[in-house]
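Read the structure below first, then the notes.
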Amino acid sequence: MLANESEFRVKVAVRVRPFLQREKNHEQKSCIAIHPQTNQIVLGERRTFKYDFVFGPKTLQEELYRTSVEPMLNNVFDGYNVTIFAYGQTGSGKTYTMTGGNILSIGEKDYGIVPRAVKTIFDTVHNRHDCQVTISASYLEIYKDDIIDLLDVNDKDLDVRDDAAGNTVVVGASEHRCHSIDDVVSLLKKGSNVRHTGATQMNDESSRSHAIFTLYIEQRVRDKNSNANLVQASFDGLVKPIQSTFDESFLSAKLHFVDLAGSERVARTQNTGERFQESIRINSGLLALGNVVSALSDPKKRTGGHIPYRDSKITRLLKDSLGGNAKTLMITCVSPCTADLDESLNALKYAHRASQIRNKPIKNVDPNAQRFIEMQSEITHLREELERQRTILSRDGQSSNSRRSTGLNGVDHSRRLIQTAFVCFQQLNDCEDLGDEQKQWIQTWMDAVSNENSEDICNDILTSRVTNLESALHSAKDELRSESQMRVKREMILDRLQEQLKTKEDELNRVRMAMDESNYPTTTTKKSLPDRTKSAPHFGGVQRKEQSIQPRTIHSSPAVFGMDYVVERFHGRSLALAHSQEEIEELDLRNSDEKQNDEKKFFRRGTYRLRKNRLTPSILQQDDALQSLTESTINKQKLIEEVARKVKEAESKAQDLSINIQLKEQLIKSVYASTKDVKETNEQYEQHIKTLEKEVDKAKQEYHDLQKNMQQIATKNTSEKSKLEGEYRKKCEMAKARLESLQQKEKQYRDLMNKLSGNSEKRYVHSLNVLVKSEISMELH
Ligand code: ADP
Ligand code: MG
């Protein structure tokens, strides 16, 4: 028997890291107490948790490895998949635990789990002479929900599938043969070089992606002592008889090391821009993982309930590690600081849930091949039984020997005839119409035949059982093959639909993120509110300009609203409208998600029906399955079209909103521009008027001086008097004319100025009207 049906509970270790230098500088207090003897951990004053392993701040890398990881590795050589993954808040020590820090610069003492496990595996391989082992490796990262091959960098986003044996397979991931520890370490270094990392407030070198390093170990085990008549099974589903003198079996296993990106609160990391986008993707992946862990830890959901593996790439990739066929160890890393208490509590709860998950590990042989082997061994057993019976017969009865020697074919034929007659007589004997004599005669004949042929009949029964079993075996094999083909086809269709849905979701996310970006600053922290309003692209320029403009001094009547007030109200209303639009979209999406879940249920029921009737397949049932598949595909397509239509609507509404905002912006700008122009012209006019007023005063003074002079002349003698008088009168008239023209000019300027400020006031009021009207129409819309 190759399969092991027993369950394996996911093992959980918790590691509390020491205080970092910067935490010591800030005199941070510890909120965690550890009890290694009982594997308990106490958070704060009251919360106590118990795990499989608990490690304190002083635990060395070597000790953690020997206690929790090394025992898991034996499973790999028994043909079981093993996954070791680190979970925890950013900066809690995941990367330190998995690799020991930056693999490019660490010393041997600090080596984490991965390099140590690689060493153990190669040591084991060198010491084993009973098998031939091949080791290869792949290194992937999930960055913003795209799977990237770190050892073959290109722009491809790889896809995840499940194979017939329930293994998760990343299609297109490169696998590299490793002959030594150095080969593996150089692959680790190569991948780490291109992995996405970056500095955040919480960690100077924070991993911005989930990293998955996998070792594939294949062994051809040679066992001289086994006498079993075995066949060799391989992953291509073919089963070949063994030709060699040794009995040989093929085992393979995957050893996953997963360093998850840390959960993080944007408020604490203070991430913006690209880091902010990364945070959103990291947190949504971890949320999906949390949902999977919760569903698996709930006994009701675990048995037959829906496990949301398809919600993110990381959950799809860890499908066989959580609730699947692997043996899994989760290492939860926590910080000891009181400031991180909330995050630590979450991580510990998460770890507790994970420890309730039960996997069903199976050795890695193809299930079809395994079933084939079981049937083969039953046939062998029956053949042996048949042979035994024949030997007994040949020993006991000469007659049967002589019958056989006269020609087996003829004997077989007459034996079959007798058997048919036997069955007919048996039925006739039960018939009530027969007379007693006839019944007696039949009974005598049947007794004679039974005595004569009991061994032969027994043999025949055995032979026909063998034949039946053989044909059942072949038809079961065919059935399995066609079923697995159908399953692959269905998987492909489902994947295609999922991809289409994902593209639409991405588009929607993009639109939503664009809106988020404009929404986020006004909704996150109160402190940053004034800054962010200023930095908002639509109104920043206007506001700065506004600050340099002094309060209006030239309008004839006071404004009803200040410009500040109008701009702020308008901005606030635009955001509120965008927000309500977003809520409508979210509601729509939720509805469509529910519909999709209904679809999934339907699809699952379909699959079950098909399976239940597996032993008596017929074209009709396949038609049913196909029809339900087609129906569900059509429904899904409708759903996708519906989502696409809603995305388009949301996009066009978002576009309308942004055009509207731009228009308003231009309007406000033009109001400001014209206000500024008017003010400048008015200032010039005022300057002119002041100059004119001065000139008028000067001219008045001159006129008065001239009149004074004329009065003085009146006292002088007549000849001189008349001459001077004529001269002064002329001057007086000229001065008077100039005074009059200056007064005229001043009046003109004043009129002009009044007219201009009146116009500007009207235009200002008109613009306000336009703004208010457009707001009203937007709300109605
Ligand atoms: P994560 O991967 O969870 O974001 P890291 O592994 O990068 O966090 O750890 C953050 C910092 O804490 C690093 O400087 C690391 O060296 C240090 N650190 C974490 N765990 C330990 C430990 N057990 N002993 C010593 N230093 C540690
Ligand atoms: Mg890390």
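Residue 1 is the first one shown; counting continues down the chain.
Glycine is no exception: its Cβ is also placed from the backbone N, Cα and C atoms.
If you average pLDDT over the domain 'Kinesin motor' (9-357) in this model, you get 84. Taken from TrEMBL, the feature domain 'Kinesin motor' applies to 9-357.
As annotated by TrEMBL, ATP binding site applies to GLY88, GLN89, THR90, GLY91, SER92, GLY93, LYS94, THR95. SER92 (ATP binding site): 28 other CB atoms within 10 A of its CB, across all protein chains.
Annotated coiled coil per TrEMBL: 459-514 (among others), in sequence order.
Residues annotated as region 'Disordered' in TrEMBL: 520-551.
The coiled coil annotation in TrEMBL covers 640-762 (among others).
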THR90 (ATP binding site): secondary structure state under DSSP, collapsed to three categories: coil
Around the Cβ of GLN89 (ATP binding site), the count of other Cβ atoms that are within 10 Å: 24
Most Cβ neighbours inside 10 Å, all chains, among the binding-site residues THR90, THR95: THR95
Winner by Cβ contact number (other Cβ atoms within 10 Å) across the binding-site residues GLY88, GLY93: GLY88
Neighbourhood of ligand 1 - binding-site residues from GLN89, GLY91, THR95 with Cβ under 6 Å: GLY91, THR95
Binding-site residues near ligand 2 among GLY88, THR90, GLY91, SER92, LYS94 (Cβ under 6 Å): LYS94
